[in-house]
């Protein structure tokens, strides 16, 4: 370079906090506030009595914190028709969640396994098609499926909603497990074949035990996905099995007369509790789940 | 184009509590080709990155071209650098890869064009200027990376294992190209590698490093012939130097005793006065000579295995006491497994190391 | 290796559920929906073919026009802001900041929450009587107004605020993975070249991150077309029909207004939009895959 010949002003050890660094932390701090604000407001509102909410400041800490609103939200908030609180929805969601997660992972892993390691004719076409249809909005399927289920006599029921979650979870689950099995050394599979193991034996004895990390990711992905579902539960679960999200919306949005914001927020937090627990409990696994789900196609 | 010298004074580098380099001194002359050679983790890349200003130092000073640049930004140090992974900007054409730094620095356009054209011509890249890195072979990519360094007209060129990602044949080709470049520009070059062949072929001087310490700084010939310790001796040279344990005996004519054999050491340049002590004898395979079986200084050994290597043959032998070693003979060597050979170990080609410290005696 | 007959049979049996789902649900149901959109089905599906009349009706329907208008505004703003904020956050976190894990958790936790929860929280925050507007006024900004959620012309922007809050963390996670994948030596080379950091991002890093941007954009866009829960829980399409969206239009006409023909025509229109977004992306990915 031509400029290097001139002496530099006495080179100094650089300072730790440059203005750019300050700007960086300021940016992070301000965005963090935007992201944390709703959670904070939810918590403080749910702990305030209504009088305090009406007079006070949204952001103020509760003067006389009480868990009354939580109790009410859990046991006696009205969802339009009944007033048994959101615990009904919580139990419904659990009853939907457990079999849906288990079955969708079972079917998805088996499909992924068959598509990755066994050269079945047309497997690639099937897989490609599954990746494409994963993008289609539910509105295209909902009405025909309602008709099909009522035709088969299942109608709206727990079994229906579990089947629906399995169906709509299939593309993502298949993708997840197919890619994972495809990344394992193929020699492993060949060795098992040479030892005379059959299709289901290899799946149950060798592949699934090795797929523990993917199972964790799949459980996280499906648990948050199914728990957070609204539209499928609304349409397919039936009045007796409405999931928590639907109940929550009913509690908050169908209230007649004065709204009990503290109860609303307590119910909202209760609904968000499980996914939040999964998220904070699983740490980087959640990110891995997103990354795995994000590589659709 | 100016050529800068580099002066490193009691440099210290550490990450957290880990000390990578401690109190390291090194002087590189202007126009010199210096190779930093060592196994991975020896601190050679750390040292090069410190010279480039890519990592912070804990203590000591770095001077380039007589200026203290210890805390200067990389761009203000008058250096240019070539990386192992090429580190080309993937979405830019070859031309833009080479010119981008100059453009950002505000160099006039004609000057940029002149320098890019010159470098491209030197590296035979002229026809590739409008291609993207993804459309180039590994060797072409590394030539572009060298070109990007050249256009900076720097006082010092730094190479961080530039050939490690290439296959053997390309590596050999590019090695010649770099050597030619140095001859043509006679620029100061500091080159990091773990490949001793690269070091021996390219360097004016080699600094062999281990454990963050320069073990030996010398010409390739000296490094090869007179390694200062067992590490240098074993790291440089392929096939590796043979090591035979034994002891030095000063009774009468100084000699080396290994089992039943006694080797005369007349002609070996001891660094100090020889004393009776346990020692390790080092000799390179090509320095061992066949001799007549009635030669009084002959060592008798049995052939264990013969490895034809194309240009020559490597013969593995065993001494009576079980020590094995190899020696090199020409391609049409006739030895067979089980033969007994009479061999001579010329004293001036030997290296003797202290058994415990490993230092040359 | 040739497959034995039993193994082959087993493999096919394992694929049967997927095949069935594919044919019946995805292809069968979609075709039926498209077919119904060409009939004059009302309460129940019938087979009276009416050509494209439902689509004509759709184009003349105020509520549909508003829905489409809204989804375009929402889509453009939501995708741009989520990409921008997500990318900036990823870049910020990539600067070796302290407490990186905590910061990342803060930005990503909304993504674990449902749209219903998101909608209800923001409905409360944006409530003009007691929400943020109230806070601003109580701080002495007497004339502060932030009543977007009750004003027809601005209600849709409230959905954007909530949506961006929920989804930016996802973009951040994708972008951060992309940034961490950049060869360390490219950064070193850029420093030796004397490029300022912003310049490195603009001229080198962003062009390298095409795949990350495309993935994030496609994920966000498919979410846009599906937008339903947020509109239902946050504004229920209101005030009036000011924040209606296509997915809600379909649902309402299927289950409340008993106009299956119109609903399926709307659904088919959504499908065409999705194909227009996704097909080029999938094609691009497939070609990239082949080139590798």
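Glycine is treated like the rest: Cβ placed from N, Cα and C.
Just so it is clear, the model here is predicted, and its values are computed rather than measured.
Long-range Cβ contacts of the transmembrane segment (C:12-35) within its own chain (Cβ-Cβ under 8 Å, at least 6 residues beyond either end) map to 45, 264, 267-268, 271. The feature transmembrane segment is assigned by TrEMBL to C:12-35 (among others).
Residues or ranges marked as domain 'ABC transmembrane type-1' in TrEMBL: C:68-283.
Positions annotated as transmembrane segment by TrEMBL: C:71-94 (among others).
The annotation transmembrane segment is assigned in TrEMBL to C:106-125 (among others). For the transmembrane segment (C:106-125), same-chain residues at least 6 beyond its ends with a Cβ under 8 Å from one of its own Cβ atoms are 89, 93, 131-132, 149, 158, 161-163, 165-170, 172-173, 228-235.
Annotated transmembrane segment per TrEMBL: C:154-179 (among others), in sequence order.
Among residues of the same chain six or more beyond the transmembrane segment (C:200-225), those with a C-beta under 8 A of the stretch's C-beta atoms are 71, 74-75, 78-79, 82-83, 86-87, 91, 167, 170-171, 174-175, 177-179, 182, 186-187, 190, 246-247, 270, 273-274, 277-278, 281, 284, 288. Here TrEMBL flags C:200-225 (among others) as transmembrane segment.
Among the features that TrEMBL reports, transmembrane segment is placed at C:260-284 (among others). If you look at the transmembrane segment (C:260-284), the same-chain residues 6 or more away from its ends with a CB under 8 A from one of its CBs are 30, 33-34, 36-37, 39-45, 50, 54-55, 57-58, 61, 64, 214, 218, 221-222, 225, 246-247, 249-254.
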